[in-house]
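Chemist: I'd like to ask some things about the structure below.
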Amino acid sequence: MGATGAAEPLQSVLWVKQQRCAVSLEPARALLRWWRSPGPGAGAPGADACSVPVSEIIAVEETDVHGKHQGSGKWQKMEKPYAFTVHCVKRARRHRWKWAQVTFWCPEEQLCHLWLQTLREMLEKLTSRPKHLLVFINPFGGKGQGKRIYERKVAPLFTLASITTDIIVTEHANQAKETLYEINIDKYDGIVCVGGDGMFSEVLHGLIGRTQRSAGVDQNHPRAVLVPSSLRIGIIPAGSTDCVCYSTVGTSDAETSALHIVVGDSLAMDVSSVHHNSTLLRYSVSLLGYGFYGDIIKDSEKKRWLGLARYDFSGLKTFLSHHCYEGTVSFLPAQHTVGSPRDRKPCRAGCFVCRQSKQQLEEEQKKALYGLEAAEDVEEWQVVCGKFLAINATNMSCACRRSPRGLSPAAHLGDGSSDLILIRKCSRFNFLRFLIRHTNQQDQFDFTFVEVYRVKKFQFTSKHMEDEDSDLKEGGKKRFGHICSSHPSCCCTVSNSSWNCDGEVLHSPAIEVRVHCQLVRLFARGIEENPKPDSHS
(Lines of atoms letter the chains of each structure in order from A and count residues from 1; the text may use other names and numbers.)
(Lines give C-alpha, C1' and ligand atoms only; values in the text may rest on other atoms or scores of the structure.)
Protein backbone atom coordinates (compact mmCIF):
# COMPACT_ATOMS: atom_id res chain seq x y z
CA MET A 1 0.00 0.00 0.00
CA GLY A 2 1.37 3.36 -0.98
CA ALA A 3 0.83 6.76 0.57
CA THR A 4 0.06 9.89 -1.40
CA GLY A 5 0.68 13.60 -1.05
CA ALA A 6 -0.55 16.59 -3.02
CA ALA A 7 1.37 15.60 -6.13
CA GLU A 8 2.97 12.30 -5.16
CA PRO A 9 2.25 9.10 -7.08
CA LEU A 10 -0.13 6.62 -5.54
CA GLN A 11 1.03 3.04 -5.97
CA SER A 12 -0.46 -0.19 -4.66
CA VAL A 13 -0.60 -3.88 -5.39
CA LEU A 14 -4.16 -4.72 -6.45
CA TRP A 15 -5.92 -7.43 -8.41
CA VAL A 16 -7.20 -7.06 -11.98
CA LYS A 17 -9.03 -9.97 -13.63
CA GLN A 18 -7.66 -12.38 -11.01
CA GLN A 19 -4.09 -11.28 -11.67
CA ARG A 20 -1.84 -9.60 -9.15
CA CYS A 21 -0.94 -6.17 -10.55
CA ALA A 22 1.03 -3.13 -9.53
CA VAL A 23 -1.19 -0.07 -10.01
CA SER A 24 0.19 3.46 -10.20
CA LEU A 25 -1.50 6.86 -10.41
CA GLU A 26 0.85 9.69 -11.34
CA PRO A 27 -0.72 13.14 -10.75
CA ALA A 28 2.12 14.94 -12.55
CA ARG A 29 1.44 12.99 -15.75
CA ALA A 30 -2.29 12.51 -15.02
CA LEU A 31 -1.86 8.85 -15.89
CA LEU A 32 -3.26 5.63 -14.43
CA ARG A 33 -1.06 2.57 -15.13
CA TRP A 34 -1.07 -1.08 -14.14
CA TRP A 35 1.07 -4.10 -14.93
CA ARG A 36 1.33 -7.71 -13.84
CA SER A 37 3.45 -8.21 -10.75
CA PRO A 38 3.45 -11.90 -9.73
CA GLY A 39 6.41 -11.60 -7.36
CA PRO A 40 6.82 -9.66 -4.11
CA GLY A 41 6.70 -5.86 -4.42
CA ALA A 42 5.46 -3.80 -7.34
CA GLY A 43 8.20 -4.61 -9.82
CA ALA A 44 8.91 -2.63 -12.97
CA PRO A 45 6.31 -2.16 -15.73
CA GLY A 46 6.86 -4.46 -18.69
CA ALA A 47 5.74 -4.43 -22.29
CA ASP A 48 2.28 -5.62 -21.25
CA ALA A 49 1.66 -2.57 -19.03
CA CYS A 50 -1.70 -0.85 -19.54
CA SER A 51 -2.42 2.84 -19.09
CA VAL A 52 -5.30 5.31 -19.25
CA PRO A 53 -4.92 9.11 -19.18
CA VAL A 54 -7.05 10.60 -16.42
CA SER A 55 -8.56 12.89 -19.08
CA GLU A 56 -10.06 9.78 -20.71
CA ILE A 57 -11.58 8.34 -17.54
CA ILE A 58 -15.35 8.77 -17.66
CA ALA A 59 -16.15 7.98 -14.04
CA VAL A 60 -14.98 5.94 -11.04
CA GLU A 61 -17.44 3.87 -9.01
CA GLU A 62 -17.27 1.67 -5.95
CA THR A 63 -18.02 -1.87 -7.10
CA ASP A 64 -20.75 -3.99 -5.57
CA VAL A 65 -18.58 -6.98 -4.66
CA HIS A 66 -21.63 -9.08 -3.82
CA GLY A 67 -22.58 -9.00 -7.47
CA LYS A 68 -19.17 -10.33 -8.52
CA HIS A 69 -18.09 -13.96 -8.62
CA GLN A 70 -15.58 -14.31 -5.84
CA GLY A 71 -16.22 -17.74 -4.37
CA SER A 72 -13.34 -19.54 -6.00
CA GLY A 73 -9.72 -19.22 -6.95
CA LYS A 74 -7.57 -16.35 -5.75
CA TRP A 75 -10.48 -14.39 -4.28
CA GLN A 76 -10.56 -16.88 -1.40
CA LYS A 77 -7.43 -15.20 -0.06
CA MET A 78 -9.49 -12.04 0.64
CA GLU A 79 -11.86 -12.39 3.57
CA LYS A 80 -13.76 -9.16 2.72
CA PRO A 81 -12.67 -7.93 -0.71
CA TYR A 82 -13.33 -4.36 -1.83
CA ALA A 83 -13.25 -3.07 -5.38
CA PHE A 84 -13.64 0.01 -7.55
CA THR A 85 -14.36 0.22 -11.28
CA VAL A 86 -12.80 2.70 -13.68
CA HIS A 87 -14.99 3.55 -16.67
CA CYS A 88 -12.79 4.82 -19.47
CA VAL A 89 -12.26 5.30 -23.19
CA LYS A 90 -10.87 2.41 -25.19
CA ARG A 91 -9.64 2.99 -28.73
CA ALA A 92 -10.83 0.56 -31.38
CA ARG A 93 -10.07 0.36 -35.07
CA ARG A 94 -10.85 3.10 -37.60
CA HIS A 95 -10.88 5.95 -35.07
CA ARG A 96 -13.74 4.46 -33.05
CA TRP A 97 -13.87 4.85 -29.28
CA LYS A 98 -15.53 2.34 -26.97
CA TRP A 99 -16.75 2.48 -23.39
CA ALA A 100 -14.56 0.14 -21.32
CA GLN A 101 -14.55 -0.87 -17.65
CA VAL A 102 -11.64 -2.07 -15.53
CA THR A 103 -12.27 -3.34 -12.00
CA PHE A 104 -9.50 -3.14 -9.38
CA TRP A 105 -9.79 -5.38 -6.30
CA CYS A 106 -8.34 -4.21 -2.99
CA PRO A 107 -7.57 -6.24 0.16
CA GLU A 108 -8.60 -3.38 2.49
CA GLU A 109 -11.57 -1.00 2.57
CA GLN A 110 -9.35 1.97 3.49
CA LEU A 111 -7.15 1.40 0.45
CA CYS A 112 -10.18 1.15 -1.83
CA HIS A 113 -11.57 4.45 -0.54
CA LEU A 114 -8.16 6.12 -0.95
CA TRP A 115 -8.08 5.18 -4.62
CA LEU A 116 -11.67 6.30 -5.14
CA GLN A 117 -11.07 9.64 -3.45
CA THR A 118 -7.82 10.35 -5.29
CA LEU A 119 -9.23 9.52 -8.72
CA ARG A 120 -12.41 11.51 -8.13
CA GLU A 121 -10.42 14.54 -6.98
CA MET A 122 -8.41 14.43 -10.20
CA LEU A 123 -11.57 14.14 -12.30
CA GLU A 124 -13.06 17.16 -10.52
CA LYS A 125 -10.14 19.26 -11.74
CA LEU A 126 -11.06 18.61 -15.39
CA THR A 127 -13.02 21.84 -15.86
CA SER A 128 -13.51 21.44 -19.61
CA ARG A 129 -16.09 18.70 -19.11
CA PRO A 130 -19.75 19.64 -19.61
CA LYS A 131 -22.19 19.38 -16.72
CA HIS A 132 -25.46 20.50 -18.32
CA LEU A 133 -26.34 20.09 -22.00
CA LEU A 134 -29.19 21.02 -24.32
CA VAL A 135 -29.98 18.12 -26.66
CA PHE A 136 -31.89 18.35 -29.94
CA ILE A 137 -33.03 15.06 -31.47
CA ASN A 138 -34.22 14.84 -35.06
CA PRO A 139 -36.57 11.81 -35.11
CA PHE A 140 -37.01 11.90 -38.89
CA GLY A 141 -33.47 12.21 -40.29
CA GLY A 142 -31.59 9.34 -41.91
CA LYS A 143 -33.41 6.11 -41.17
CA GLY A 144 -35.48 7.66 -38.39
CA GLN A 145 -33.30 6.15 -35.66
CA GLY A 146 -32.24 9.36 -33.89
CA LYS A 147 -34.25 8.87 -30.71
CA ARG A 148 -33.33 5.19 -30.44
CA ILE A 149 -29.62 5.91 -30.98
CA TYR A 150 -29.64 8.57 -28.26
CA GLU A 151 -31.47 6.42 -25.72
CA ARG A 152 -29.35 3.31 -26.28
CA LYS A 153 -25.86 4.66 -26.93
CA VAL A 154 -25.66 8.21 -25.59
CA ALA A 155 -27.94 8.65 -22.58
CA PRO A 156 -26.26 5.89 -20.50
CA LEU A 157 -22.86 7.55 -20.97
CA PHE A 158 -24.21 10.98 -20.00
CA THR A 159 -25.80 9.46 -16.88
CA LEU A 160 -22.56 7.71 -15.94
CA ALA A 161 -20.64 10.98 -16.31
CA SER A 162 -23.24 12.86 -14.20
CA ILE A 163 -24.21 15.08 -17.14
CA THR A 164 -27.73 16.48 -16.90
CA THR A 165 -29.68 17.24 -20.06
CA ASP A 166 -32.68 19.11 -21.38
CA ILE A 167 -34.00 17.17 -24.39
CA ILE A 168 -36.04 18.58 -27.27
CA VAL A 169 -37.33 16.19 -29.93
CA THR A 170 -37.87 18.41 -32.97
CA GLU A 171 -41.20 18.32 -34.78
CA HIS A 172 -40.53 20.59 -37.76
CA ALA A 173 -37.69 22.12 -39.77
CA ASN A 174 -35.73 24.98 -38.17
CA GLN A 175 -37.17 24.27 -34.71
CA ALA A 176 -33.68 23.96 -33.22
CA LYS A 177 -32.61 27.27 -34.77
CA GLU A 178 -35.74 29.06 -33.54
CA THR A 179 -35.37 27.59 -30.05
CA LEU A 180 -31.79 28.81 -29.70
CA TYR A 181 -32.94 32.35 -30.50
CA GLU A 182 -35.63 32.23 -27.81
CA ILE A 183 -34.35 30.36 -24.75
CA ASN A 184 -31.73 31.19 -22.14
CA ILE A 185 -28.62 29.36 -23.37
CA ASP A 186 -26.29 30.70 -20.68
CA LYS A 187 -27.19 27.84 -18.32
CA TYR A 188 -25.77 25.23 -20.69
CA ASP A 189 -22.22 24.04 -21.24
CA GLY A 190 -22.95 22.98 -24.80
CA ILE A 191 -25.50 22.04 -27.43
CA VAL A 192 -25.84 18.47 -28.72
CA CYS A 193 -27.59 17.61 -31.97
CA VAL A 194 -28.68 14.06 -32.76
CA GLY A 195 -29.12 13.78 -36.51
CA GLY A 196 -27.27 14.44 -39.74
CA ASP A 197 -25.56 17.43 -41.29
CA GLY A 198 -28.91 19.20 -41.69
CA MET A 199 -29.58 19.06 -37.96
CA PHE A 200 -26.08 20.30 -37.22
CA SER A 201 -26.59 23.19 -39.64
CA GLU A 202 -29.76 24.22 -37.80
CA VAL A 203 -27.93 24.33 -34.47
CA LEU A 204 -24.97 26.12 -36.05
CA HIS A 205 -27.17 28.87 -37.52
CA GLY A 206 -29.10 29.26 -34.29
CA LEU A 207 -26.00 29.49 -32.12
CA ILE A 208 -24.10 31.88 -34.41
CA GLY A 209 -27.17 34.04 -34.96
CA ARG A 210 -27.99 34.21 -31.26
CA THR A 211 -24.38 35.12 -30.43
CA GLN A 212 -24.26 37.92 -33.03
CA ARG A 213 -27.59 39.33 -31.88
CA SER A 214 -26.36 39.44 -28.29
CA ALA A 215 -23.13 41.14 -29.42
CA GLY A 216 -24.91 43.66 -31.63
CA VAL A 217 -23.28 42.41 -34.84
CA ASP A 218 -25.14 42.82 -38.14
CA GLN A 219 -24.92 39.43 -39.87
CA ASN A 220 -26.08 40.92 -43.17
CA HIS A 221 -22.90 42.97 -43.48
CA PRO A 222 -20.43 40.93 -45.59
CA ARG A 223 -17.42 42.46 -43.80
CA ALA A 224 -18.79 42.05 -40.28
CA VAL A 225 -16.36 40.55 -37.78
CA LEU A 226 -18.37 37.76 -36.20
CA VAL A 227 -18.13 36.95 -32.48
CA PRO A 228 -17.37 33.32 -31.51
CA SER A 229 -19.77 31.55 -29.17
CA SER A 230 -18.56 30.24 -25.82
CA LEU A 231 -20.68 27.09 -26.24
CA ARG A 232 -19.47 23.95 -27.96
CA ILE A 233 -21.58 21.83 -30.29
CA GLY A 234 -21.67 18.05 -30.06
CA ILE A 235 -22.74 15.92 -33.01
CA ILE A 236 -24.29 12.48 -32.53
CA PRO A 237 -24.42 11.07 -36.08
CA ALA A 238 -27.86 9.74 -37.00
CA GLY A 239 -28.49 11.14 -40.47
CA SER A 240 -28.21 10.30 -44.13
CA THR A 241 -25.00 12.32 -44.36
CA ASP A 242 -22.61 12.79 -41.46
CA CYS A 243 -19.83 14.63 -43.27
CA VAL A 244 -19.01 17.08 -40.46
CA CYS A 245 -18.78 14.31 -37.87
CA TYR A 246 -16.65 12.10 -40.12
CA SER A 247 -14.26 14.96 -40.94
CA THR A 248 -13.79 16.03 -37.32
CA VAL A 249 -13.75 12.67 -35.51
CA GLY A 250 -12.76 10.21 -38.22
CA THR A 251 -15.86 8.03 -38.02
CA SER A 252 -19.64 8.24 -37.95
CA ASP A 253 -20.19 6.34 -34.72
CA ALA A 254 -22.61 7.54 -32.04
CA GLU A 255 -20.71 6.03 -29.10
CA THR A 256 -17.45 7.62 -30.25
CA SER A 257 -19.04 11.05 -30.55
CA ALA A 258 -20.73 10.71 -27.16
CA LEU A 259 -17.39 9.89 -25.52
CA HIS A 260 -15.77 12.97 -27.07
CA ILE A 261 -18.54 15.03 -25.48
CA VAL A 262 -18.17 13.33 -22.09
CA VAL A 263 -14.40 13.90 -21.84
CA GLY A 264 -14.87 17.55 -22.85
CA ASP A 265 -12.87 17.65 -26.07
CA SER A 266 -12.75 20.96 -27.93
CA LEU A 267 -12.02 21.64 -31.59
CA ALA A 268 -12.18 25.09 -33.22
CA MET A 269 -13.62 25.14 -36.73
CA ASP A 270 -13.89 27.70 -39.53
CA VAL A 271 -17.26 28.91 -40.80
CA SER A 272 -17.95 30.65 -44.12
CA SER A 273 -20.63 33.31 -44.44
CA VAL A 274 -22.49 33.42 -47.76
CA HIS A 275 -24.00 36.75 -48.82
CA HIS A 276 -25.92 38.12 -51.79
CA ASN A 277 -26.49 41.87 -52.19
CA SER A 278 -25.58 42.54 -48.53
CA THR A 279 -27.99 39.89 -47.28
CA LEU A 280 -26.84 36.81 -45.38
CA LEU A 281 -28.02 33.68 -47.15
CA ARG A 282 -26.46 30.95 -45.01
CA TYR A 283 -23.37 29.79 -43.15
CA SER A 284 -21.29 26.90 -44.45
CA VAL A 285 -18.80 24.60 -42.73
CA SER A 286 -18.33 21.83 -45.27
CA LEU A 287 -19.24 22.19 -48.97
CA LEU A 288 -20.33 25.07 -51.16
CA GLY A 289 -20.90 23.51 -54.57
CA TYR A 290 -22.12 25.09 -57.82
CA GLY A 291 -22.78 23.13 -60.99
CA PHE A 292 -22.49 19.38 -60.44
CA TYR A 293 -23.14 19.26 -56.68
CA GLY A 294 -25.67 22.09 -56.87
CA ASP A 295 -27.66 20.29 -59.56
CA ILE A 296 -27.61 17.05 -57.56
CA ILE A 297 -29.03 18.59 -54.40
CA LYS A 298 -31.67 20.58 -56.31
CA ASP A 299 -32.85 17.52 -58.24
CA SER A 300 -32.81 15.27 -55.16
CA GLU A 301 -35.17 17.64 -53.31
CA LYS A 302 -37.87 16.68 -55.83
CA LYS A 303 -37.37 12.98 -55.10
CA ARG A 304 -37.44 12.78 -51.32
CA TRP A 305 -39.91 9.90 -51.63
CA LEU A 306 -36.97 7.78 -52.82
CA GLY A 307 -35.27 8.11 -49.44
CA LEU A 308 -31.47 7.91 -49.43
CA ALA A 309 -31.50 6.45 -52.94
CA ARG A 310 -32.44 9.87 -54.28
CA TYR A 311 -28.81 11.03 -54.02
CA ASP A 312 -27.56 8.16 -56.20
CA PHE A 313 -30.36 8.66 -58.72
CA SER A 314 -29.83 12.43 -58.94
CA GLY A 315 -26.07 11.96 -59.11
CA LEU A 316 -26.33 9.65 -62.10
CA LYS A 317 -28.83 11.93 -63.83
CA THR A 318 -26.62 14.99 -63.29
CA PHE A 319 -23.53 13.17 -64.52
CA LEU A 320 -25.29 12.11 -67.73
CA SER A 321 -26.69 15.62 -68.26
CA HIS A 322 -23.12 16.98 -68.23
CA HIS A 323 -24.13 20.61 -67.91
CA CYS A 324 -21.51 23.32 -67.67
CA TYR A 325 -22.00 26.89 -66.52
CA GLU A 326 -20.22 30.06 -67.54
CA GLY A 327 -19.22 32.61 -64.97
CA THR A 328 -16.53 34.58 -63.17
CA VAL A 329 -14.82 33.60 -59.92
CA SER A 330 -12.82 36.24 -58.05
CA PHE A 331 -10.89 35.30 -54.93
CA LEU A 332 -8.45 36.54 -52.34
CA PRO A 333 -5.65 33.99 -51.79
CA ALA A 334 -5.04 32.95 -48.18
CA GLN A 335 -1.49 34.21 -47.76
CA HIS A 336 -1.57 33.60 -44.01
CA THR A 337 -1.77 29.81 -44.27
CA VAL A 338 1.32 27.62 -43.93
CA GLY A 339 -0.04 24.78 -46.07
CA SER A 340 -1.40 24.25 -49.57
CA PRO A 341 -4.27 22.16 -51.02
CA ARG A 342 -1.85 19.71 -52.65
CA ASP A 343 0.76 19.24 -49.92
CA ARG A 344 -0.82 15.89 -48.89
CA LYS A 345 -0.76 16.95 -45.23
CA PRO A 346 -4.23 16.27 -43.82
CA CYS A 347 -5.66 18.04 -40.80
CA ARG A 348 -5.16 15.94 -37.68
CA ALA A 349 -5.61 16.29 -33.92
CA GLY A 350 -3.43 19.10 -32.54
CA CYS A 351 -2.91 20.37 -36.10
CA PHE A 352 0.21 22.54 -36.51
CA VAL A 353 -1.14 24.19 -39.67
CA CYS A 354 -4.33 25.35 -37.91
CA ARG A 355 -2.38 26.73 -34.94
CA GLN A 356 0.16 28.59 -37.06
CA SER A 357 -2.40 29.89 -39.55
CA LYS A 358 -4.55 31.25 -36.72
CA GLN A 359 -1.55 33.10 -35.26
CA GLN A 360 -0.51 34.56 -38.61
CA LEU A 361 -4.05 35.65 -39.41
CA GLU A 362 -4.27 37.45 -36.06
CA GLU A 363 -1.00 39.25 -36.86
CA GLU A 364 -2.42 40.33 -40.23
CA GLN A 365 -5.55 41.66 -38.56
CA LYS A 366 -3.49 43.65 -36.04
CA LYS A 367 -1.48 45.25 -38.84
CA ALA A 368 -4.66 46.11 -40.72
CA LEU A 369 -6.16 47.60 -37.55
CA TYR A 370 -3.31 50.10 -37.20
CA GLY A 371 -2.68 50.55 -40.92
CA LEU A 372 -3.98 53.19 -43.27
CA GLU A 373 -5.78 50.70 -45.51
CA ALA A 374 -7.82 47.59 -44.96
CA ALA A 375 -5.91 44.38 -45.57
CA GLU A 376 -8.23 43.26 -48.38
CA ASP A 377 -7.55 46.47 -50.32
CA VAL A 378 -3.81 45.90 -50.10
CA GLU A 379 -3.78 42.21 -51.03
CA GLU A 380 -4.06 41.10 -54.61
CA TRP A 381 -7.29 39.51 -55.78
CA GLN A 382 -7.37 37.05 -58.66
CA VAL A 383 -10.07 36.32 -61.22
CA VAL A 384 -10.79 33.17 -63.21
CA CYS A 385 -13.52 33.11 -65.84
CA GLY A 386 -14.76 30.36 -68.10
CA LYS A 387 -17.14 27.43 -68.39
CA PHE A 388 -17.23 25.11 -65.40
CA LEU A 389 -18.73 21.71 -64.70
CA ALA A 390 -18.37 22.38 -60.98
CA ILE A 391 -17.16 25.04 -58.58
CA ASN A 392 -16.55 23.69 -55.07
CA ALA A 393 -15.39 25.43 -51.91
CA THR A 394 -14.56 23.23 -48.92
CA ASN A 395 -13.74 24.32 -45.37
CA MET A 396 -12.85 20.74 -44.46
CA SER A 397 -11.87 17.58 -46.27
CA CYS A 398 -15.57 16.58 -46.60
CA ALA A 399 -14.55 12.97 -45.99
CA CYS A 400 -17.27 10.35 -45.67
CA ARG A 401 -17.69 6.59 -45.97
CA ARG A 402 -17.81 6.69 -49.76
CA SER A 403 -14.92 9.13 -50.04
CA PRO A 404 -12.58 8.46 -47.09
CA ARG A 405 -10.16 11.24 -48.12
CA GLY A 406 -12.86 13.70 -49.16
CA LEU A 407 -13.19 16.41 -51.79
CA SER A 408 -10.02 18.15 -50.61
CA PRO A 409 -7.86 15.78 -48.53
CA ALA A 410 -5.50 18.49 -47.26
CA ALA A 411 -8.17 21.03 -46.29
CA HIS A 412 -7.89 22.21 -42.68
CA LEU A 413 -10.63 22.67 -40.13
CA GLY A 414 -9.33 25.81 -38.45
CA ASP A 415 -6.80 27.60 -40.67
CA GLY A 416 -9.11 30.44 -41.72
CA SER A 417 -9.26 29.37 -45.35
CA SER A 418 -11.33 27.44 -47.85
CA ASP A 419 -10.09 25.27 -50.71
CA LEU A 420 -11.63 26.58 -53.94
CA ILE A 421 -11.81 23.82 -56.57
CA LEU A 422 -12.64 24.76 -60.17
CA ILE A 423 -13.48 21.96 -62.62
CA ARG A 424 -13.38 23.30 -66.17
CA LYS A 425 -15.47 21.92 -69.01
CA CYS A 426 -14.16 18.51 -70.03
CA SER A 427 -15.42 15.25 -71.49
CA ARG A 428 -17.68 12.92 -69.53
CA PHE A 429 -14.89 10.36 -69.47
CA ASN A 430 -12.40 12.79 -67.91
CA PHE A 431 -14.97 14.01 -65.41
CA LEU A 432 -15.65 10.39 -64.45
CA ARG A 433 -11.91 9.87 -63.91
CA PHE A 434 -11.92 12.93 -61.65
CA LEU A 435 -14.86 11.60 -59.60
CA ILE A 436 -13.35 8.12 -59.26
CA ARG A 437 -10.19 9.56 -57.73
CA HIS A 438 -12.26 10.70 -54.75
CA THR A 439 -12.60 7.04 -53.78
CA ASN A 440 -8.90 6.09 -53.95
CA GLN A 441 -5.47 7.43 -53.00
CA GLN A 442 -4.72 9.22 -56.28
CA ASP A 443 -4.48 13.02 -56.51
CA GLN A 444 -7.86 14.25 -57.79
CA PHE A 445 -6.33 17.64 -58.60
CA ASP A 446 -3.81 16.20 -61.06
CA PHE A 447 -5.80 17.07 -64.18
CA THR A 448 -5.34 19.93 -66.65
CA PHE A 449 -9.02 20.88 -66.30
CA VAL A 450 -8.89 21.12 -62.47
CA GLU A 451 -7.58 24.14 -60.55
CA VAL A 452 -7.43 24.46 -56.79
CA TYR A 453 -6.68 27.53 -54.66
CA ARG A 454 -6.58 28.17 -50.92
CA VAL A 455 -8.63 31.33 -50.33
CA LYS A 456 -10.10 33.37 -47.50
CA LYS A 457 -12.72 35.16 -49.62
CA PHE A 458 -14.30 34.64 -53.00
CA GLN A 459 -17.13 35.88 -55.19
CA PHE A 460 -18.96 34.26 -58.06
CA THR A 461 -21.05 35.84 -60.79
CA SER A 462 -22.90 33.75 -63.35
CA LYS A 463 -22.56 34.87 -66.97
CA HIS A 464 -26.33 34.70 -67.22
CA MET A 465 -26.68 37.09 -64.28
CA GLU A 466 -23.86 39.54 -65.00
CA ASP A 467 -26.22 42.35 -65.96
CA GLU A 468 -28.24 41.93 -62.77
CA ASP A 469 -25.20 41.61 -60.52
CA SER A 470 -22.87 43.96 -62.37
CA ASP A 471 -21.92 45.65 -59.11
CA LEU A 472 -19.82 42.63 -58.11
CA LYS A 473 -18.15 42.42 -61.52
CA GLU A 474 -17.40 46.14 -61.80
CA GLY A 475 -15.91 46.12 -58.31
CA GLY A 476 -13.58 43.35 -59.40
CA LYS A 477 -12.49 45.06 -62.61
CA LYS A 478 -11.16 48.03 -60.69
CA ARG A 479 -8.76 45.85 -58.73
CA PHE A 480 -7.59 43.21 -61.15
CA GLY A 481 -7.62 41.90 -64.67
CA HIS A 482 -9.15 38.68 -65.94
CA ILE A 483 -7.24 35.44 -66.27
CA CYS A 484 -8.97 33.47 -69.01
CA SER A 485 -8.01 30.32 -70.85
CA SER A 486 -9.09 29.20 -74.27
CA HIS A 487 -11.47 26.28 -74.06
CA PRO A 488 -13.85 24.63 -76.52
CA SER A 489 -17.23 26.28 -76.56
CA CYS A 490 -19.87 24.65 -74.39
CA CYS A 491 -22.52 22.65 -76.18
CA CYS A 492 -24.97 23.20 -73.33
CA THR A 493 -27.42 26.06 -73.11
CA VAL A 494 -26.03 28.86 -70.97
CA SER A 495 -28.09 28.91 -67.79
CA ASN A 496 -27.76 29.04 -64.03
CA SER A 497 -27.14 26.27 -61.56
CA SER A 498 -27.86 26.42 -57.83
CA TRP A 499 -25.47 26.38 -54.90
CA ASN A 500 -25.33 23.36 -52.63
CA CYS A 501 -24.62 24.89 -49.22
CA ASP A 502 -24.02 22.05 -46.76
CA GLY A 503 -26.88 20.10 -48.32
CA GLU A 504 -29.29 23.04 -48.67
CA VAL A 505 -30.20 24.73 -51.97
CA LEU A 506 -29.27 28.38 -52.56
CA HIS A 507 -31.02 29.68 -55.66
CA SER A 508 -28.96 32.86 -56.09
CA PRO A 509 -26.00 32.20 -58.44
CA ALA A 510 -24.18 35.41 -57.44
CA ILE A 511 -22.66 35.07 -53.97
CA GLU A 512 -19.94 36.57 -51.81
CA VAL A 513 -18.16 34.22 -49.40
CA ARG A 514 -15.89 35.02 -46.46
CA VAL A 515 -14.15 32.54 -44.14
CA HIS A 516 -14.33 33.29 -40.41
CA CYS A 517 -11.40 31.63 -38.68
CA GLN A 518 -12.30 29.23 -35.84
CA LEU A 519 -15.73 30.78 -35.29
CA VAL A 520 -17.30 27.73 -33.61
CA ARG A 521 -16.06 24.91 -31.40
CA LEU A 522 -17.11 21.29 -31.42
CA PHE A 523 -16.91 18.52 -28.83
CA ALA A 524 -14.16 16.81 -30.86
CA ARG A 525 -10.37 16.72 -31.08
CA GLY A 526 -9.78 16.13 -34.78
CA ILE A 527 -8.79 12.87 -36.39
CA GLU A 528 -6.03 11.17 -34.41
CA GLU A 529 -2.92 10.15 -36.34
CA ASN A 530 -2.70 6.36 -36.60
CA PRO A 531 -4.22 5.57 -33.20
CA LYS A 532 -3.40 2.12 -31.87
CA PRO A 533 -6.26 0.06 -30.41
CA ASP A 534 -6.07 -0.03 -26.61
CA SER A 535 -5.81 -3.19 -24.56
CA HIS A 536 -7.18 -2.57 -21.06
CA SER A 537 -6.81 -6.19 -20.04
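Placed from the backbone N, Cα and C atoms, the Cβ positions cover glycine too.
Values in this document were obtained by computation on a predicted structure and should not be read as measured data.
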Chemist: Of Ser37, Ser408, which one does Swiss-Prot label phosphoserine?
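Modeler: Swiss-Prot records phosphoserine at Ser408.
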Chemist: Among Ser340, Ser403, can you tell me which residue Swiss-Prot lists with the annotation phosphoserine?
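Modeler: The residue tagged phosphoserine by Swiss-Prot is Ser340.
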Chemist: What average pLDDT does the predicted model assign to the region 'Essential for enzyme activity' (1-115)?
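Modeler: Average per-residue pLDDT within the region 'Essential for enzyme activity' (1-115): 83.
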Chemist: By the count of other Cβ atoms within 10 Å, pick out the sparsest of the recorded positions Asn138, Thr170, Ser340, Ser408.
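Modeler: Output over recorded positions Asn138, Thr170, Ser340, Ser408: least Cβ neighbours within 10 Å is Ser340.
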Chemist: Taking DSSP three-state, what's Arg304 (ATP binding site) in: helix, strand or coil?
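Modeler: Note: Arg304 (ATP binding site) is helical by DSSP.
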Chemist: Comparing the binding-site residues Gly196, Gly198, Gly239, which residue's C-beta has the most other C-beta atoms within 10 angstroms in this structure?
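Modeler: Checking each of Gly196, Gly198, Gly239, the winner is Gly239.
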Chemist: Highest Cβ count within 10 Å among the binding-site residues Gly195, Gly503: which residue is it?
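Modeler: Of Gly195, Gly503, the one with the most crowded Cβ is Gly195.
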Chemist: Taking just the CA atoms, what is the gap between Gly196 (substrate binding site) and Gly239 (ATP binding site) in Å?
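Modeler: Gly239 (ATP binding site) has its Cα 4 Å from the Cα of Gly196 (substrate binding site).
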